[in-house]
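S.K.: Please find one structure pasted underneath; my questions will follow.
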């Protein structure tokens, strides 16, 4: 396919135009008085969102070159979302402001490479400053504040996430599900829970709630498919003599063996429940190993030279209580702290070493199941459109709280960046010169963009608000919700330091790339043909 090649100023201006469009669509959502954006969907109802990265992903322009600009600035939002999980709108607004400032300087003859060096040095200085000003998150009140701000000033959500975090600990997993009611509810599971339920409903012990509850059971864990009754009989005899219930976790249990278990259960010979092993492939093996360590048993696997028919009671695990529903199994075990701790440490090391985001997520899930537990927030709303919007806001809020716990909190509402403007200006003038100084100064000027935009979205003059904030102490900022200047920590308007830092770093990275661009190569649009589609031989040529 033929390509168009555009050089220097023309190329940068085309990129800028694409960025202007995306930045404006995203920036309207910034702050407590930010508006929503409606996204048309080819299938299903339109989606109403207030989330920067979701809007950025939807925007596709007709002009190929402008679309390249959109893709670049979208990267700043996506990368911030991947790193910190929130702050995508701030990253977009910052990147746009830096590009606008930078292009003026490049047009005036500044050297783009020297500008880039200046930008990088200024960002490094600012990252250190943000870390200096960050306060650690000590109590659930601070967590609730971070979550509430991130969810669009929803205090109820803030309280719920703080409670979930309190229950499952810092390494626990908080997951979101679409609820069935109008209200959003929190459900916390103690112990290890995995997404596999009983194989047959005949195993239930509580017919009203349709769940099987086993008190102090033995747990048989195997990675093989159980097909023959002969394999199971020795195991069942040993457990029946011990007089305790039995939970079987296996790859699958075929008809004949399953029928034997059901008959034993119905006759009252043995209280037994069978579930399929969670996960797939290597992940399944790892999860079975986790369950074995948690319950003090071992995985009966032919790879280890262990056969089911020779299994003895001392290779079974045990738990205080097991609850099995049609979709989930929850194991509450105790007494194996040392082994569990060692396993958690091993998983933590794997998390540090892996590069794949998906693997990280799955390892984090395993760690949570072993160490803390799992909290599920069931998102409720009147309509599906509202539910999707709430779900996105909650996702941001959960990510923001995790980021806050990691690196602490700083004054929110664009305040931190605005207060750092004089500091970075002073530092740059003392340490840099020439075009590097110009690069650092363009970063300094761009830092006011998020606060300016928050004020404008609240119907105020952004530049006046920015100047007023800069005159005040570091923790004092502009509360757009109530149109007042307040101490941000006291008012609970805080941002995770990690979110502010990531937004700044990713915005600067994209701005540097755009400023150092000298040519763009894009596909030439195909000429539109005026001929009707398809030659002869269509359906219309025939009489039926």
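Each position is counted from 1, following the chain as shown.
Here the Cβ of each residue, glycine as well, is placed from N, Cα and C on the backbone.
Here's the feature list from Swiss-Prot:
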| type | residues | note |
| --- | --- | --- |
| BINDING | 29, 30, 31, 32, 86, 87, 88, 89, 90, 413, 495 | ATP binding site |
| REGION | 525-544 | region 'Disordered' |
| COMPBIAS | 533-544 | compositional bias 'Gly residues' |
S.K.: What residues, ordered by sequence, lie under 8 A Cβ-to-Cβ from residue 86 (ATP binding site) and sit at least six positions away in the same chain?
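M.R.: Same-chain residues close to residue 86 (ATP binding site) (Cβ under 8 Å, separated by 6 or more) are 80, 150, 396, 397, 399, 400, 403, 496, 499.
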S.K.: If the ATP binders are 29, 30, 31, 32, 86, 87, 88, 89, 90, 413, 495 per the record, what's the largest distance between their Cα atoms, in Å?
M.R.: 16
S.K.: Fewest other Cβ atoms within 10 Å: which of the binding-site residues 29, 88, 90 wins that one? Let me know.
M.R.: 29
S.K.: Just to confirm: which same-chain residues, 6+ apart in sequence, have a Cβ under 8 Å from the Cβ of residue 495 (ATP binding site)?
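M.R.: Correct list: 87, 146, 149, 400, 409, 410, 411, 412, 413, 416.
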S.K.: Count the Cβ atoms, other than its own, that fall within 10 Å of the Cβ of residue 31 (ATP binding site), considering every protein chain shown.
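M.R.: So the Cβ neighbour count for residue 31 (ATP binding site) comes to 24.
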S.K.: Through the lens of DSSP with three states only, how would you label residue 86 (ATP binding site)?
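M.R.: Looking at the DSSP assignment, residue 86 (ATP binding site) belongs to neither helix nor strand, so coil.
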